[in-house]
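**Q** Quick one: this structure, given as structure tokens, is what I'll be asking you about.
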């Protein structure tokens, strides 16, 4: 059994590639059902910075290829698109990666806590799809707990802790616009809500929300005391705005170049566009329009680098905490790796004992019921004594995979027996 994770990240994969691999929330249930055809357990984490598929598989190399094939088939892309930047982790490396991720150590914005909500959401969707089993349940809940501990005991989560807060920091280059300008938030999800909070905290009060689902726009607007307009008013709302934050889950372009050209015509002040969606909401051609300044997720990287440098010492402290939590998980994992073999070993011994007892009792029909019970009890005791030391050795967290392989070979236990035992309740 192996834990495998494949993925691409903002650090080494441009948004032009990430947006072709991304899954929106509505696609995830069906995608997870498809993933279960390849693996025993699985989860998909798709955010503006990363697309990752994590799974528990029975065969290491075959599992890697299955996950790559899954991405190719689900996204309709050639593997050559993502192969150069794809990372592949196994077992302990997966656990370390997910624990660091939940602590914000692997984020574009070091220490950001938005990833916690994204992991919880991905976990809930995977649970609902029946894709989460005992291993990923333990890994992901352990990651969330480790991330919380790292944030609680270090200063990694101080200051700018989300892509949204970094975007607001970029807006401060235009203080008059932020204080006196009109802002438009396109979308009504988690990132849209974060955007509202940060815009209001930054001094911007003239804010309008536009969203395809009017009920969600209305609810969000009432919660924060801002205005909202229906989706049909999007272009008019754009023309009336100075700052635009677009963060929908739309599969394609929301603001076309032509729409932005019309909105920018005759303006005397800059039009700031922040595209925080993946796939991107805003046509990249708008960057060529005079007076229009487009920032997508990747364009915010320079500010994030400064953020990481300032928090380097706190990040080291957080890494130490994460390593301790990873070690705890790996002790549990080592034992779990041995459990199917132990069950199969005991079943093998019991099958042999049962066959020999039946043969022996058939030869001794004169034995009384009490004597028969004594013989059966004796055989059980012998089996338990013989298996005790091997089982203790297999349960040792320090036991290697070579020991498991050796035991299977010595007792002629095939993989089918091992995985049948693994699925026993």
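Think of each number as a place in line: the chain as shown, counted from 1.
Placed from the backbone N, Cα and C atoms, the Cβ positions cover glycine too.
So Swiss-Prot lists the following for this protein:
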- 48: active site, nucleophile (ACT_SITE)
- 47, 48, 49, 50, 107, 112, 113, 114, 118: substrate binding site (BINDING)
- 187, 188, 189, 190, 191, 192: NADP(+) binding site (BINDING)
- 97: site 'Important for activity' (SITE)
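Map these features onto the structure and tell me what's around them.
**A** Note on residue 48 (active site, nucleophile): other Cβ atoms within 10 Å of its Cβ, all shown chains, come to 24.
When secondary structure is read from DSSP and collapsed to three states, residue 113 (substrate binding site) falls in the coil class.
Same-chain residues at least 6 positions away in sequence with a Cβ under 8 Å from that of residue 187 (NADP(+) binding site) are, in sequence order, 211, 246, 247, 248, 249, 277.
DSSP gives residue 97 (site 'Important for activity') a helix state. Within 10 Å of the C-beta atom of residue 97 (site 'Important for activity') sit 20 other C-beta atoms, taking all shown protein chains into account.
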**Q** What three-state secondary structure does DSSP assign to residue 48 (active site, nucleophile)?
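**A** Residue 48 (active site, nucleophile) sits in coil per DSSP, no helix or strand.
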**Q** If you compare CA-to-CA distances from residue 113 (substrate binding site) to each of the recorded positions 97, 189, 191, 192, which comes out shortest?
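**A** When the Cα distances are compared, 191 comes out closest.
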**Q** Could you say whether, by DSSP, residue 187 (NADP(+) binding site) belongs to a helix, a strand or a coil region?
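**A** In three-state terms, residue 187 (NADP(+) binding site) counts as coil.
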**Q** Report the same-chain neighbours of residue 47 (substrate binding site): residues 6+ apart in sequence with Cβ closer than 8 Å to its Cβ, ordered by sequence.
**A** 115, 118, 278
